[in-house]
Structure formats: structure tokens, C-alpha cells
Amino acid sequence: RIFISICLHVTMLGQSVVYLLMSSQNMEELLSPIRLDISTCGWTLIIAACLCPLCWFGTPKDFWPIALGAFASIGVACILLLIAMGQDARELSPSYHSPFRWTTFLMSFGTIFFAFGAHPSFPTFQSDMKQPKKFDRVLIFAFSILASLYLLVGVEGFLVYGSKVQPTVVMSLVPGPMPCAVQICVTIHLLCALVIVLNPVCQEGEELLNIPLYFCYQRVLFRTCVVCLVLFISLSVPQFDAIMSFVGGSSIVILTFVIPPICYLKLCSMKGPWEPIEVPLHQKLACVETIVVGGALGVAITLTALEALTYSQFSKPCYLE
């Protein structure tokens, strides 16, 4: 249980760092035409300070407009992004695709895992729902829409930009009004998502420290410290693509491929006042295969991302510049 809790916190803190760095970079690019002399590091400080009060809300039911804004903004962003890439396809020369490389593949796989790694925050939403039993319908609906949009964006980005694609597809767009609108929508989503993913971390920390459930100065102090921790990590490693792959290949792989089969087999083997649950051999083999393959893939992705963070693509911390 402690190990799972640690993985959950690593995932959500890692996501918060990525969202903060990406939104800071977007703000710098959006306001660069007016020659506002604020670097990405400066925007990181500004955004963290502005979002800190929003992190003081208790549970998602207290800031449901933020959750709605996150979902709506990413949907609009994906649609506008598809249109913008379609326009670029007519202006750019045919894309070039570089030969297959394992390091690039593993980093990309970690990014894909990261994109679907929001599940640690789901229980907080379910507990606040008026009809928690319908949570499965919400998941199916939300993931179906997002998976479809992500797939379309990924395929079109691959065909249009090829090897010239940047860490985010938005950075690959030809400058113009449409890319600007996409960046605004993406930035809104990132800011909303940062508040959402930090909430479960804060709730569990407050429970461990016996902080009251109502709004109080202890909550303000604790959650401000959590935001400061995210800010410090962001200023120390201002490189969101490698962090994305690291979190996706480490904690998210563990929570997605390793822990669920182990918990399933453990629960089925428990004895109690209920009918025994026999797990067929083919299901046991499938669980073992999932654990082994997922674990091996996670180790490979994590090592590749660590190499990018420490050696090949190291970026100097903001406070040392």
C-alpha cells in the first residue's frame, strides 16, 4: 500500500511539473510578439504564484468549473490543431521520416503512457459524484473521446511534420492566428489540469498530518508548500519532454501494468465468507505476461529518460542561470 501511494504521488507531482513547464513555455511564446522580456523560468514563478490560491480548494466538487474547463479546452485545442496541421500540410514540403531508433521509440512510448496517466486523480472525482455507480460510463465516454482525438493528432502530426516534429506538436505549427488559438486552449487546459492533479496529493498529505477537512490556515500552509515543491522541481529540471517520459515509463507503467494484475491475483486468492474465485490458467499466464512485459518496458523507458535528463540533453537549472 505504501509503495502504491508513493507511485501515485510521483505520478501526480511529475504531471504537475510537466504542466507547469509546458504552460510557462506557452506563455513565453504567446507573448513574444509584444516583446515582453520574461523568460520561461520567470513565467514558471508567475504561474505558480497565480495558481497557488486555486490549489487551496478542498475537493473537486469545490472547483468543478476548473475540471470542466480542462476537458473543454483540450477538446477544442485538438480540433483546432487538426485544422491547423491540415493547413500546414498544403504549405510545407513533404515530410521526412528518420530511421527507427530504440531511444526515440522508448521516449515516445513514455510520453504516450503519460498522456493517459490521469487515473490517480479519478477516485477523488468518483467520491464527489452524485451517482458514483455511473463512474464507469464517465470513464468510457471521456477516454473514448480523448483517445480518438489523440490518435488523429498523432497520425496527422507524423504525416505532416515527420522527423521535424518538436517535443509538442503545437511548437511545430507554422506561426499564425490558428496556432495562437491552439496554444491558448492548450495553456488553459494545462493550468486547469495542474490544479486537478495536485489535489489528491494534498488530500492524502492532509490526512496523514491530521489537518482539518474545512478551510483553515493549516491547509493553506501545507498546499502552498506542495506548490513550492513543484515549483522547485520545475526550476531545477526545466525540460518537460524528458520528465514526461520518465514519469510515463516509471510510476505510470507500474500503476498500469504491474500493480493491477498483482492486486487481481491477490484478491482472488483471499479466503473469506464468499465463494472462492478460481483464476483460470490462461488468465494467470496473461497476468504474468503483462507484469513481465510491462515491467521490462518500464525499466527501458526509465533508463532512457534518465540518460536524457542527466547527460545527453541536460538543461541548466533556472536558479543557476
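Keep in mind that glycine also has a Cβ here, set from the backbone N, Cα and C atoms.
According to TrEMBL:
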DOMAIN    1-302  domain 'Amino acid transporter transmembrane'
TRANSMEM  36-56  transmembrane segment
TRANSMEM  63-87  transmembrane segment
TRANSMEM  99-118  transmembrane segment
TRANSMEM  138-161  transmembrane segment
TRANSMEM  181-199  transmembrane segment
TRANSMEM  220-237  transmembrane segment
TRANSMEM  243-265  transmembrane segment
TRANSMEM  285-306  transmembrane segment
> Hey, does the transmembrane segment (220-237) touch the transmembrane segment (63-87), meaning at least 3 C-beta pairs closer than 8 angstroms, sequence gap 6 or more?
Replying inline: no
> Residues of the same chain, at least six outside the transmembrane segment (36-56), with any C-beta under 8 angstroms of its C-beta?
Replying inline: 20-21, 23-25, 27-28, 63, 66, 191, 194-195, 198-199, 202, 215, 219-220, 223-224, 226-228, 230-231, 234-235, 238, 318, 321
> Which of 138-161, 181-199, 243-265, 285-306 shares the most C-beta pairs under 8 angstroms with the transmembrane segment (220-237)?
Replying inline: 181-199
>> Given a Cβ distance threshold of under 8 angstroms, which distant residues of the chain, six or more beyond its ends, lie next to the transmembrane segment (138-161)?
In response: 71, 74-75, 78-79, 81-82, 85-86, 88-89, 92, 95, 97, 115-116, 122, 125, 129, 169, 172
